[in-house]
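Copied from TrEMBL, the annotated features are:
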{"type": "ACT_SITE", "residues": "143", "note": "active site, proton donor/acceptor"}
{"type": "ACT_SITE", "residues": "173", "note": "active site, schiff-base intermediate with substrate"}
{"type": "BINDING", "residues": "52, 216", "note": "pyruvate binding site"}
């Protein structure tokens, strides 16, 4: 890689995709969205077009338009814009990777294809390699999310030896709950100075103990300030405060899950908390009743104001 690499650390917001009431992408929201993240949540890196952003429900052209908007409006405001380019078609992933490089993105990530699944880690490494060749100077991250892809072999097996195939490889977004596998990813990444970023928001403390370098998640869109306090408390060795904040976070997520907390609900909650008009989800996801989102949003506001800890 010819460019200097800034290691991806800290909180990264997995962003929602703003849609109009008619279901078309709404680029006019991106600028205010960035301002909200930076000014209200102190979150300065984003992961776009991923699960939270309904990336696999968007067309290639829509994903390009969104990536361009995030890079354009994020210039001099955001620290890193990571563009998820994973698709079922390797050709589409390659085109999105090429496009991300052309617009000044700071990195790209891919999930595993999930219809025709790779039979083993070797096959997935080859997929990642072939995508990376279309953006050889961009950091490449593997997005491990077995609950969505159904690809359940260890992420550590994918990382093992990948530097020989993918010189631009820089780490993994680990959205799984297997702490043994996560620990192996952290251990292997140490000698390569890669980033391991955790993606299960309500279990972040367990991952911090194992040595992850940051976290990518949907709730950091509206709870970034609180989780930043938790990260600071952890770094300062204040385990009592760290646990208190994690327990409060868990209480909020448990409350939301008991009401039903999928991407569409989460998106409406973000609209209620932030005031941004993010619109409905795209089918097959169904819109969330506003009343449900308002109840969850109130719980989040109580937590943010210190009423749960």
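Quick reminder: no glycine exception, Cβ is built from N, Cα and C everywhere.
It should be emphasised that the depicted structure is a prediction, and the values quoted were computed from it without experimental measurement.
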Within 10 angstroms of the C-beta of residue 216 (pyruvate binding site), the count of other C-beta atoms across all shown chains comes to 28
Taking only the CA atoms, the spacing between residue 216 (pyruvate binding site) and residue 173 (active site, schiff-base intermediate with substrate), expressed in whole angstrom, is 7
In angstrom units, rounded to an integer, how far apart are the Cα atoms of the residue listed as 'active site, proton donor/acceptor' and residue 52 (pyruvate binding site)? 13
Rounded to a whole number of Å, the separation of the Cα atoms of residue 173 (active site, schiff-base intermediate with substrate) and residue 52 (pyruvate binding site) comes to 14
Does residue 52 (pyruvate binding site) have same-chain partners at least 6 apart in sequence with Cβ under 8 Å from its own Cβ, and which are they? 14, 15, 16, 218, 263, 266, 267
Entry from the active-site residues list 143, 173 having the most other CB atoms no farther than 10 A: 173
